[in-house]
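**Student:** The structure is given below, and queries will be raised subsequently.
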Amino acid sequence: MNDDRETPPKRKPGEDDTLFDIDFLDDTTSHSGSRSKVTNSHANANYIPPSHVLPEETIDLDADDDNIENDVHENLFMSNNHDDQTSWNANRFDSDAYQPQSLRAVKPPGLFARFGNGLKNAFTFKRKKGPESFEMNHYNAVTNNELDDNYLDSRNKFNIKILFNRYILRKNVGDAEGNGEPRVIHINDSLANSSFGYSDNHISTTKYNFATFLPKFLFQEFSKYANLFFLCTSAIQQVPHVSPTNRYTTIGTLLVVLIVSAMKECIEDIKRANSDKELNNSTAEIFSEAHDDFVEKRWIDIRVGDIIRVKSEEPIPADTIILSSSEPEGLCYIETANLDGETNLKIKQSRVETAKFIDVKTLKNMNGKVVSEQPNSSLYTYEGTMTLNDRQIPLSPDQMILRGATLRNTAWIFGLVIFTGHETKLLRNATATPIKRTAVEKIINRQIIALFTVLIVLILISSIGNVIMSTADAKHLSYLYLEGTNKAGLFFKDFLTFWILFSNLVPISLFVTVELIKYYQAFMIGSDLDLYYEKTDTPTVVRTSSLVEELGQIEYIFSDKTGTLTRNIMEFKSCSIAGHCYIDKIPEDKTATVEDGIEVGYRKFDDLKKKLNDPSDEDSPIINDFLTLLATCHTVIPEFQSDGSIKYQAASPDEGALVQGGADLGYKFIIRKPNSVTVLLEETGEEKEYQLLNICEFNSTRKRMSAIFRFPDGSIKLFCKGADTVILERLDDEANQYVEATMRHLEDYASEGLRTLCLAMRDISEGEYEEWNSIYNEAATTLDNRAEKLDEAANLIEKNLILIGATAIEDKLQDGVPETIHTLQEAGIKIWVLTGDRQETAINIGMSCRLLSEDMNLLIINEETRDDTERNLLEKINALNEHQLSTHDMNTLALVIDGKSLGFALEPELEDYLLTVAKLCKAVICCRVSPLQKALVVKMVKRKSSSLLLAIGDGANDVSMIQAAHVGVGISGMEGMQAARSADIAVGQFKFLKKLLLVHGSWSYQRISVAILYSFYKNTALYMTQFWYVFANAFSGQSIMESWTMSFYNLFFTVWPPFVIGVFDQFVSSRLLERYPQLYKLGQKGQFFSVYIFWGWIINGFFHSAIVFIGTILIYRYGFALNMHGELADHWSWGVTVYTTSVIIVLGKAALVTNQWTKFTLIAIPGSLLFWLIFFPIYASIFPHANISREYYGVVKHTYGSGVFWLTLIVLPIFALVRDFLWKYYKRMYEPETYHVIQEMQKYNISDSRPHVQQFQNAIRKVRQVQRMKKQRGFAFSQAEEGGQEKIVRMYDTTQKRGKYGELQDASANPFNDNNGLGSNDFESAEPFIENPFADGNQNSNRFSSSRDDISFDI
């Protein structure tokens, strides 16, 4: 298989298939016999041991069998015996030298390992007598089925390490990456397996648990500098005689903030936990020894060593070794799109020795064990050994089916669970749910530091001023006892006092307000019916609400293909036969016409059928050959359903679509036998059987597949299908008259993103075939370079072909994908598609979904070595630099890079080159990439640029990519929920990204930006008056306002305007945001939030605070503030005036920045002022008498009873806000932003003439595309490349009867049964041979014989 990803190591010639030559671990095996020794070179004379192996060491197998076995068990499972310098480890899996037969020595453990083992032993009970531990003895008891029921409880109760690993870390006690001792799994012995403490099948995607919530939550909250700042302030307030305010005001407010944040985090994590619970409670069928049958259990209850039954279309619940299946020789088909993104089905096959276990009775009698590698993250390797009846059977990736795969085209399989839960390879490739911080939050943290610097400056000015004033006026202020005061101590005390006094410049309610805003924004996103997918009853779910504003600033989208952009459903769309193009439904503008002697457009499939059935039509023989090729030249297996229909089992979805297309056109493939295929001609009811002589299989080098048939009339024909490039060069130069028309049709297909194949044939004489067949057979039996020699043999016969036509298959897209991608690109978002599929497939999808277009130049990087990749990248960079590309030119570039080249390009020395080329392209497609490479690509762009990234996928193979991006979006698909559970946002369809980003993203970013800026502004506007006041009170640290009133400012009186703006404000309507995607660039450019904008708001707050302080102090200092009784206002009355005026100004500012007034806006802005005006007299009347706030005693009559107070509340706010109003007027009238213009259009419902211009430009572009020379012809074909397809299809005889669930039912139909002499006439009377695995029943003992000549065995 031409694949850049990790593949399992191949065995060297001459290596034995067994994992051990001597079975140390089989408790049923006797070691008695002649005295023998095993050295570490016993298995293979060519084996070169690693440096740490001691070649001289041997084990005497006959000295003391029991002691030897105990020693091996001790080293293998417990690693406690380190008295000797070397501990033997049976079957240690070494990644450097794949020699599973060897017995290896490992280095003695280091200090830390010994310490860890000491702890383990300390918490494990020991026997009073003998060297063996309590645990070891119970292991021996387990192997002899003598374990009492209380053992597991006692073991887990006292082994702290196992308890911690199992219930806290949810992992196995073995090595984290599979480098430790191999695990032993006993078949049909759950008690023995339970003793090892293997992980259960529980999975969790939550951020917290009971043990980690508090530390993780506090770490997350106090990583926000504002919360850390107020924690310090709260501590300072507790120092006696320092705080000018109440000591509990800050800590009380901080606790409220933390409690609200904690509640929000808990609610979101509970949602994740519920989602996990839904998956964990999925059901599977587990073989029960107690019931002698399969019983339904939850996934979470599946344990290592369980035998499970999986039916067709069901997901695999855990990493499983296939034991048997309903198909011949234990074959099964699995879909791994959820794991690696590949669309073609994979073929897995059980070992022949286990394929006989096909019913409950045989499973019950299955005894043995598996020695398996430890859990690890490698998706493409596996090593293990199964021991059955003293025979050791090697296990490889061919028998391993991973969790996350789905069983297809196979009625059922039986499997042995090897890894569960977080030990499965799928979960090993997943990372812990990361804690992500938004770009806005990072800016806030930096600006808080800057604001803190300003705060320090203000504190220093005030503290130094107080020291100077105290020193200079000490003699005049003798009553203050300032003489002899320690200046350093005074400075330090003043520093702390002013810290507390000015600390509210940083809004303490900022983050809780923002968190609540984001929570409700997330709720509104989830409530949007436009983002609800009715077909699967799936709403959009925001799992991490703290990231919603990131949706408005995305510059790159990294998307999976299969299941995200496409449905993974292939449909036969059109075909070209004899120069004519046929399609089922013809678009109005595509009807076939003749222009300049050339037929343009499509004909209907009905016309094709008419021509086929008209013997006088010259195209009839060609159409017959074309449809016969579709029905015969493939590796598909037909399967009759209960309703009489046929379901085609196809490893390649393309082949399935082609065969189905042929059936729809009247040539129905109905029977496959080992040496023939049968086709039903529906028009006449005639069945034609074609003898299958040879199959020349598809691979990525050949790009074609051929089959040779003997027709019913005795003639021999070769059918060939493949890429246009390879078919054209093999055509007969004289007998091909349809080439030009066919190529023209291929170009039309490619422009529509359809997957194309060329079809050709030739007649072969008997003599030529016999001569070639001898060459082919010789190549098929050679041991060296067999694949290359088979390809050479195929080349000899695949010549002088006659082109008969071409096919077009549509890889059906998800709804709305092309329109969504086009709109997102108009919004300035670059889209990268990362897929495990082949290059041709990826390019075709790029064309069909409008990621690529005909006028784009493809920059293809498909190299085999690092040096070639570097050279290719540098050549492209130099070429692009020479042309001095404009923006328009860059919009015509697309990069296509394959997985192998990408692996080289991701190296530190080359990644800058890759990113340079990629940034110049409008679109990037990475094909044949592994899940790890997907994540590495995202991390590279994330690390090398300041852009915000979004990753979207639907499969488990996309989880790492999703978690690596700033925002991860998972599609709640039909095949699994792993991506959706691990994502920040779960959606039902890719098309929902359009509104999610353009509307909700833009709204969220603008709302959050204004809410944050406003929060800082309002605190600056009020609390800076405290700083101005120090110049009037001799730097004494006296506060203008009462303590609790200051705290209530953020909690009650100004909290609602930013909240309402953050939740309900709309700067542009959703309709216009979707209509003009260019508005999205406002977020990408940081138009609403930046350092410059932030300090503009802060300075505005300084300005407003100065106006309030100066205005009020002039009024009160000069005695203008008289109440109705002619009494002058006091200090606290002046403070209330300052406070109330500031509240009115900041509420007025909120009114100016509000874009859309709603009922909530009216409640929030005027309502907040009204709330304060009502609250103050109640508070000032009650609390002083309760001895809580005596400052406000009698203040109400000095304020509410003064006309100057009310006049001040009118004049000063107008004076302060007039500048803001004039600035807003100037910007809109003379320097309008883009969204200002759109707002005017929205307000006055002004129509836009630009659509007509755009339509004209699109028309011009289409004309130019037609006039251009087209090169893309759309070849794509998905097919597994492991080889062996011919062998597989020759195993099948679909005339054999099958039961309800697809199992073989007749002795003559069993591929393992000896020939019992039943002829075709006896077939119906044959007695049932294989028991229905879904029902109990008796079965006679029978002898099986594999279709492999060299293997036979008994039940």
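Just so it is clear, glycine is given a Cβ too, placed from its N, Cα and C backbone atoms.
According to Swiss-Prot, the protein carries these features:
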type     : residues                                                                     : note
COMPBIAS : 1-15                                                                         : compositional bias 'Basic and acidic residues'
REGION   : 1-104                                                                        : region 'Involved in autoinhibition'
COMPBIAS : 16-26                                                                        : compositional bias 'Acidic residues'
COMPBIAS : 30-44                                                                        : compositional bias 'Polar residues'
MOD_RES  : S102                                                                         : phosphoserine
TRANSMEM : 222-242                                                                      : transmembrane segment
TRANSMEM : 247-267                                                                      : transmembrane segment
TRANSMEM : 450-470                                                                      : transmembrane segment
TRANSMEM : 491-511                                                                      : transmembrane segment
BINDING  : 560-562, E655, F698, S700, K703, K721, 755-756, 835-837, R928, K934, 957-958 : ATP binding site
BINDING  : D560, T562, D954, D958                                                       : Mg(2+) binding site
TRANSMEM : 1013-1033                                                                    : transmembrane segment
TRANSMEM : 1044-1064                                                                    : transmembrane segment
TRANSMEM : 1095-1115                                                                    : transmembrane segment
TRANSMEM : 1132-1152                                                                    : transmembrane segment
TRANSMEM : 1162-1182                                                                    : transmembrane segment
TRANSMEM : 1203-1223                                                                    : transmembrane segment
REGION   : 1230-1282                                                                    : region 'Interaction with GEA2'
REGION   : 1231-1309                                                                    : region 'Involved in autoinhibition'
COMPBIAS : 1307-1323                                                                    : compositional bias 'Polar residues'
COMPBIAS : 1346-1355                                                                    : compositional bias 'Basic and acidic residues'
**Student:** For the transmembrane segment (1162-1182) and the transmembrane segment (1044-1064), decide whether they are in contact, meaning at least 3 CB pairs lie under 8 A, counting pairs 6 or more apart in sequence.
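**Tutor:** Stretch pair touches.
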**Student:** Would you kindly give the Cα-Cα distance separating T562 (Mg(2+) binding site) and K703 (ATP binding site), rounded to the nearest Å?
**Tutor:** 22
**Student:** Can you grab the distance from T562 (Mg(2+) binding site) over to D837 (ATP binding site)? Cα atoms, rounded to a whole Å.
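**Tutor:** Cα to Cα, T562 (Mg(2+) binding site) and D837 (ATP binding site) are separated by 8 Å.
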**Student:** Out of D560, E655, T756, D837, point to the one nearest D958 (Mg(2+) binding site) in space (Cα versus Cα); all of them are binding-site residues in the record.
**Tutor:** D560
**Student:** Summarise the model confidence on the region 'Involved in autoinhibition' (1231-1309) as a single mean pLDDT, whole number.
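**Tutor:** The average pLDDT of the model in the region 'Involved in autoinhibition' (1231-1309) works out to 61.
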**Student:** D560, D954: which of these binding-site residues has the sparsest Cβ neighbourhood within 10 Å?
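**Tutor:** Counting other Cβ atoms within 10 Å of each of the binding-site residues D560, D954 gives the minimum at D560.
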**Student:** Hey, which bits of the same chain come close to the transmembrane segment (1132-1152), Cβ under 8 Å, at least six residues off its ends?
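**Tutor:** Contacts with the transmembrane segment (1132-1152): 1014, 1017-1018, 1021-1022, 1025, 1039-1042, 1045, 1049, 1053-1054, 1057-1058, 1061, 1104-1105, 1108-1109, 1111-1113, 1115-1116, 1121, 1164-1166, 1168-1169, 1172-1173, 1176, 1191-1192, 1195, 1198-1199, 1202, 1205, 1208-1209, 1212-1213, 1216-1217, 1220-1221, 1224.
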**Student:** Given the transmembrane segment (1095-1115), which of the listed stretches 450-470, 491-511, 1044-1064, 1203-1223 has the most Cβ pairs that are under 8 Å apart from it?
**Tutor:** 1203-1223
**Student:** Let me spell it out: take the transmembrane segment (1044-1064), skip the flanking residues so only those 6+ beyond its ends count, and list any with a Cβ under 8 Å from a Cβ in it.
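**Tutor:** Sequence-remote neighbours of the transmembrane segment (1044-1064) are 245-246, 249-250, 252-253, 256, 504, 507-509, 513-514, 516-517, 520-521, 524, 1007-1008, 1010-1012, 1014-1015, 1018-1019, 1022-1023, 1139, 1143, 1146-1147, 1150, 1153-1154, 1156, 1158, 1160-1161, 1163-1165, 1167-1168, 1171-1172, 1175, 1179, 1183, 1188-1189.
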**Student:** For D954 (Mg(2+) binding site), find which of the binding-site residues E655, T756, D837 come within 10 Å, Cα to Cα.
**Tutor:** none
**Student:** Counting Cβ pairs closer than 8 Å, which of 491-511, 1013-1033, 1203-1223 has the most of them with the transmembrane segment (247-267)?
**Tutor:** 491-511
**Student:** Cβ under 8 Å to the transmembrane segment (222-242), counting only same-chain residues 6 or more beyond its ends: which ones?
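**Tutor:** Same-chain residues near the transmembrane segment (222-242) but 6 or more away: 248-251, 253-254, 257-258, 437, 441, 444-445, 448-449, 452, 493, 496-497, 499-500, 503, 506-508, 510-511.
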**Student:** Quiz question: given the binding-site residues E655, D958, which has the greatest number of C-beta atoms lying within 10 angstroms of its own C-beta?
**Tutor:** D958
**Student:** So, in DSSP terms, is N957 (ATP binding site) helix, strand, or coil?
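**Tutor:** Once the DSSP labels are grouped into three classes, N957 (ATP binding site) ends up as helix.
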**Student:** I'd like the number of other C-beta atoms within 10 A of the C-beta of T562 (Mg(2+) binding site), please.
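**Tutor:** Taking every protein chain into account, the count is 29.
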**Student:** Would you mind pulling the DSSP three-state label for T562 (Mg(2+) binding site)?
**Tutor:** strand
**Student:** 10 Å Cβ neighbour count around K703 (ATP binding site)?
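**Tutor:** There are 17 of them.
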